[in-house]
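Engineer: For reference, the structure I am asking about is given below.
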Amino acid sequence: MSRQINANTPVSRRRSGLRGRRLSYSPEDAVPTPAPRFSILEARRAADRPAEERMRAWHVIGDTSEPVTLRFVHNNAQYTVHGNAPFNTADFQEERDSQETEAANRAHQRAVHLHEHLHEVQETAAPLPNYSPVHSPDLTVMEDLETPRQRFETMFHAVDAESEDEAVPLPQVDMAVFCHICSCFFTDIKNYNSSFVTTSECNHAVCFKCYTSIMFDKELFKCSMCNRATPTCRVYNHKGFVELLPTRAVRDKQAIKTHWAQLLDNNMSDSKVPEQNDVQKLQAELAELRAEMASMRAEMASKQLGATMALENRRGSSSSGASSSSTSTSSSSSSSWLWECLLNTRNY
């Protein structure tokens, strides 16, 4: 009975376990030093003290039985120095200065990177149509801080402004431009269209028919003014320009006849506007000729009147009665003749 009790007791089991276990110890150098711990009594005392005293207990330097010699705050924590404990405030100050310096350096680096990024974005972006010289090109725009709604509104307003600019018609001014090769004038609308072909190298322009005749004989277009050869030429209008690159030239004398037959069938106007313009020009020339004829007749009449008056003055030395009667009759006859001339000029 006693053997059964001894076999079932937990003490015998623990002893048998200790007999079969091998304990190994590491050297003292490899064993880490345990961190200092508060005793249970000190933990209870710390729990009974108020929150401020508990915070201060964790930042006590020196023996608490000695009087307090220094108190200071570092990183929102209060430190208390007791007695002549080895302590130097410069350590805390240097640590604080180093942290502030590192934080300032990091902030400076972030600002430099942000400025470089914004400067690259401004260089690659195309200028807006509503650019104003008041805004400096070095101005930093914080586009990254805009919300998607603000970006959409700015894009919408920009597109709306462009549509309004396109809707306003520009004043059309007809200009007569001279070709240096064929000596022909071409009437085009200024800043809207052009009948000339311009080289991409020297910007000298020729009419399209001269460009065609030149390209039939040469593979490259050679400017007639500066003798510079260029493979491509440009034709401009109000939307932009089209580059012309000749691919082949086919010699066919019947092709131009076929082309003109198509023009006469499809591109001729049925209105009589050219004839009306010719009639108006002829009427204006006729009115000018009539005005010149009337002025010439009036000059001739005035000259004849002056000659007759001079003759009458020479004859008026004979007798007073006879001279007076003769001058009256002659003056009346001359005045009547002058009025007839003026009436005839008015009728014309």
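Positions of Cβ are set from backbone N, Cα and C atoms, glycine also.
In case it helps, Swiss-Prot gives these features for our protein:
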COMPBIAS  1-11  compositional bias 'Polar residues'
REGION    1-32  region 'Disordered'
COMPBIAS  12-22  compositional bias 'Basic residues'
ZN_FING   179-227  zinc finger
COILED    272-306  coiled coil
REGION    312-333  region 'Disordered'
COMPBIAS  316-333  compositional bias 'Low complexity'
Engineer: Quick one: DSSP breakdown of the zinc finger (179-227) into helix, strand and coil?
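Structural biologist: Secondary-structure composition of the zinc finger (179-227): 10 helix, 17 strand, 22 coil.
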Engineer: Pop the mean pLDDT for the zinc finger (179-227) in here, whole number is fine.
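Structural biologist: Overall, the zinc finger (179-227) comes to a mean pLDDT of 85.
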